[in-house]
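A.B. asks: Positions annotated as compositional bias 'Basic and acidic residues' by TrEMBL: 176-204. Residues annotated as compositional bias 'Acidic residues' in TrEMBL: 210-219. As annotated by TrEMBL, domain 'Autophagy-related protein 16' applies to 63-181. Residues or ranges marked as region 'Disordered' in TrEMBL: 176-246. The repeat 'WD' annotation in TrEMBL covers 260-293, 304-345, 346-387, 482-513, 515-549.
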Amino acid sequence: QVVMAERRADCTWKRHISEQLKLRDRVQRQAFEELMSSPVLSDVLSCLLTVSVLCFSASSDSSRGDALLQEMSQMRIKHQEELTELHKKRGELAQSVIELNNQIQQKDKEIQSNEAKERECVCVRARDDLERANQTLKDEYDALQITFSALEEKLRKTTEDNQELVSRWMAEKAQEANKLNAENEKDSRRRQAKLQKELADAAKEPLPIDPDDDIEVLAEDGGKGGETSPSRALSRTKRLSHPPPPGLLDSISNIFGYVSEAHDGEVNAVRFSPGSRMVATGGMDRRVKLWEVVAGHCEAKGALTGSNAGITSIDFDSAGSYLLAASNDFASRIWTVDDFRLRHTLTGHSGKVLSARFLLDNTRIVSGSYDRTLKLWDLRSKVCMKTVFAGSSCNDIVCTEQCVMSGHFDKKVRFWDIRAESIVQELELFGRVTSLDLNHERTELLSCSRDDLIKIIDLRTNSVRQTFSAQGFKCGADWTRVTFSPDGSYVAGGSADGALYVWNVLTGKVDRTLDRHHNSAINSVSWSPSGAFVVSVEKGSRAVLWSDV
């Protein structure tokens, strides 16, 4: 019993130690939970625990200690074998990893090779497609080249035919012009011979001589030598009992009426209404004023308002019912003459509108601007039908049925075909073109330029037929306007010194110089349809009516 009690006591304190160890294991297990989860470590700890227990119990039982040592030896051997097996497995796994890496590299090489082959195939296919497209384009180019060559040959033949037709047409026109000139020359010689005969007959008639008369006797051959005009002959002799009817110049030989202060500022434009005594003036005061010529003077009829800047050009339609005015506010406007109402405002230019004219059908208008364009307007639809770039500022315009003639800042007169919107011909002068005007038959074009020359251009040959100049005549502005007389026998133009010059078309010399009443440069001149009146306007504020009524 004593031995049993001693063994129980030994077991009690051993259990106590074991419980304390287990408690410590539970307390510190959390910190080493991951490490403790390894099965090998668990076996090692178990062995250590067993060894500790055995150590504590060795003193009491040596025989059991030997058995435990033998068992521990076997466990160590077993663990060594397991460790060796683990090292072996690790080596095998490392070898597997190496082999797998080699396989991955090999697969990568194969993928790269396949991608390179695929790219090469794509490039080959793209090259084939490009070669096919290039061949198609080459075939199309060859076909177009053949077509172009055929069209070029056709154009060449057409151009040659056109040149031949133009040459024939010009030759026929030249023949017609020569015939007409010959007929005019014959008619002129007949009129001159008739006049000389009348003068000779009148000289033979005996007349009583008044001592107070200042008579200069003409020589019998006075009509043959030189350029004595009929008006000079009439002024130097009183031997004609019945003088010939007065010409156009005789109707403006005296000044009986004038309009002072026509506008508040510079007067730029003047125009007679066709078939009436109505005349319109336009100035920098933004107004168009209407006047009626009555008994040798002008009576104001009304003013047309609506423009936002100075007036640059005036034109009437063929019936005299509508008035067209261009202005510096980039627009042209149309009024009815009867009620002075503004009917249309045509905007679209990007610069000053320097000239605007009705076409012959009165349903269309052509305007020329400082923006170097010409515009064709339809009054029925109130829209711009065409815009043509002229290349230079347009100072003046005149129109025939299918042709528009424009004078430009670059010294050129351009002839436009309305239907084709193209330049038919250009004629270059020696100065900036300021004015254009047509004779009544629309066969001759009158131009004025800044080189102080006035020219008549024959529209049948498109060449300068006659040039007018005078000592003292100077073009005063880029918008100085000159005009034909109604019958085309005279040309009138204002000078920078305020004088009005009138040239005889037949002789090419100045017949009248009217240098009174203007105090500044004359901007524009207009001849009445009847030929009895001429109105000139100036850079001042005055408009002068020249008449003998």
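Each residue, glycine too, has its Cβ placed from N, Cα and C.
Each of the listed features needs to be described in terms of its position in the shown structure.
C.D. replies: Along the domain 'Autophagy-related protein 16' (63-181), the predicted structure has mean pLDDT 87.
Secondary structure of the repeat 'WD' (260-293), assigned with DSSP and counted as helix (H, G, I), strand (E, B) and coil, comes to 0 helix, 18 strand, 16 coil.
Sequence-distant contacts of the repeat 'WD' (304-345) (same chain, at least 6 residues past either end, Cβ-Cβ under 8 Å): 265-266, 268-271, 273-276, 278, 280-290, 351-358, 360, 362, 365, 367, 369, 377, 379, 382, 396, 479.
A Cβ distance under 8 Å defines the sequence-distant neighbours of the repeat 'WD' (346-387), meaning residues of its chain 6+ beyond its ends; these are 309, 312-313, 315-319, 322, 324-328, 330-334, 393-401, 404, 406, 416, 418, 421, 479.
Proximity of distant same-chain residues to the repeat 'WD' (482-513), defined by a Cβ-Cβ separation under 8 Å and at least 6 residues beyond the stretch ends, is recorded for 188, 227, 229, 231, 247-249, 252-253, 435, 437-441, 444, 446, 448, 454, 456, 466-468, 470, 472-476, 519-531, 534, 536, 538, 546.
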